[in-house]
Amino acid sequence: MKDKDLRKRVPYHIQRDVLDEQLSCSSLCFIIFSFSLFIRCTGPRFKSCFLSFVPLLAWLPRYPFRENAIGDLISGISVGIMHLPQGMAYALLAAVPPVFGLYSSFYPILIYFIFGTSKHISVGTYAVMSVMIGSVTERLAPDSDFVIPGNDTNSTTLDVFSRDAERVKIAATVTFLSGIFQVLLLGLVRFGFVVTYLSEPLVRAYTTAAAIHVIVSQLKYSFGINPQRYSGPLSLIYTVIEVCALLGQTNIGTLVVSIVTIIGLVAAKELSALAARKIPIPIPVELITIIIATVVSWQMDLKTEYGVEVVGEIPSGLQAPVAPAVSLLGSMVGDAFALAVVGYGIAISLGRIFALKYAYKVDSNQELIALGLSNSIGGLFNCFAISCSMSRTMVQVSTGGKSQVAGAISAVVILVILLKIGELFEELPKAVLAAIIYVNLQGMMKQFGDICSLWRTNKVDMVVWVMTLILTVLFNPDLGLAASIAFSILTVVFRTQLNNPQMHIKLWHMHHFSIEIPGIMIFRSSATLYFANAEMYIDALYEKTGVDVAKLLSHKKKLEAKRLRKEKKAAKKAKKEAKKRAKEAVKSAVSAFNQGEEPQFSDTDESGEEAEANGDVHKLSVKEPKDVAAVEAGPDPDTDTPLPRAIILDLSPVNFLDTVGVKTLRNIYKDYGEAGVQVYLCGCQRGVVESMEKGDFFNEKVTKSILFSSVHDAVLYCQQGNSKEVQYILMSYTHTRISEVS
């Protein structure tokens, strides 16, 4: 059929009045009225604000003990066991004694348990945060400041006790200040949007570069050498050169311990991964490693016989709170702000991933307050800055953790270790802790594969990734973060200014007096869609459509679980009744035989007797029970807003898409699709469609048939029943090639 004939079959005519913008007194009164409602303080509103500030009081009274208690208990114990080796190892990165890593795995977790909103992330020590703390402590308290002249003319000794005490004070102070930044500047003032400038390529490249800093900082423990401490730009390069120059002084015993530990950890983790299918609880490989290493070090006296450096004294018990060193605050403002931004960015990114997966919502500003209070209060107890760990979070989820209770239980495990068990690990070699760090950084080092994938999908994001890596490696984590953000914003400016202009004729314009179409919602943002506003785009879409996707998916999962329970109960009841009928049939047959009568079997009884004789109860013919009702998925009873049939996204203002923008559109289509709402895109420029193609947005299920040249075409398609003929006609007007029509 020719296109000309097809176009004639769907003529339409539009007649409307000319619309203009008017600022009337009514709109001004509406603005004043809305502002008065915003500042009004009522009893219910105060209660709501208080519960949002302390989420524990909202969810703990409704805690489903029967469903979640066992999973949270097992998960909390498993994660608490992981905290022991990781806390001690990451304390070395922060250049403080290992026991303070255990403190950092206790106090902040309890604070987050009270104020946090994510149910699945495991907060505590984190390699990136620890190495940033270490750069501050070693810069402000270098070894050279604690050298004491010896008795001989040319001999000197290092006052380790005074050095460690000063570094602990510096780490606690910068942690306290970063917490204050998170609570006051970023949380209460709602300045959390600054983290939106941490795009996914930037964060992944930054953590990879930080992993390189971590590896270089631990080389001295693996080789048993004492390189000079460098600070400022290019310090990593100078440290590597210094380490290479000191390789001739390597302690053979320390090197052997490092190599054996690394090989053993890698092999044990591979075996643990293979056994994970059969064993529901992960094997605590790191805990077993430090126990074996401690016993071997104690039995062979590695410290005295081979000069292997060990952890040393681990005091038992808890410490009293100490006020931060106010005199040091001025010299660490930039470091504290970088810690606040990076720690929050990593935690909220991971928290949103699991919130989306398990259909609940994470309050971004409340997360800032929770992390800020964890750091500021933890700083008073000599803790260093914390964030979220991917490895511990995955263990917490895989072992059945379903709420923040798992984190509280892991803190109890650390408390027991601090009070009773900690002193048993005083003979643990530091080379073993360094090896644990190396093995845990495998995931970060695998992120180098992002370069190939970004080269294929979005070359600008690939340039951001490479430049972030280079800047962070050369300028250290604090200055590297600022330079990386500046470069990332610069790429947005260039993409906006140098984008190829295209002529577009607007066929439809949103207006205050537009008529709403039942069942169809049209959403249009006046800005382009990229990493800095992707989160705000989704929030605005949820708000304007009035559809809480997380709530809908959660309700859908509950209905599905209820349906499965009903089916299981019905099958169990039917099986029980079938056995009962089979026994009655056999009993009646025996009774008839004893009375000399020929037993009479119905079809059902014959099949039942045969199945009973064969021992197969599943073959019994069972009638459907009358009291079993089907569970149908319906709308959420708590939702007053009717579910739309379709949502049309007007992307005409979008002149480019990065990888985060493509992922945002993919998530919108997937989430609304699971909720039963079809999503259509219209007004896409050629470059936008190409970015979606390179980003693997389209596949066998998501075809280009969801693209339309204008909002009007998409509305017509939705109104006329999504017929293939109408779709083909509408697609003939678009400037974008459509290779497949459903």
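A Cβ is built for glycine as well, from the same backbone N, Cα and C atoms used for every other residue.
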Feature transmembrane segment in TrEMBL, mapped to one of the ranges 21-39, 534-552:
21-39
Between 99-115, 236-267, 336-356, 465-494, who has the most Cβ pairs under 8 Å to the transmembrane segment (404-421)?
99-115
Which value does the mean pLDDT take for the domain 'STAS' (510-718) in this predicted structure?
72
Other than its close neighbours in sequence, what residues sit by the transmembrane segment (99-115), given a CB gap under 8 Å and a spacing of at least six beyond its ends?
53-56, 83-84, 86-91, 123-125, 168, 171, 314-315, 318-319, 366, 369-371, 373-375, 377-378, 381-384, 386, 404-405, 407-408, 410-411, 414-415, 417-418, 422
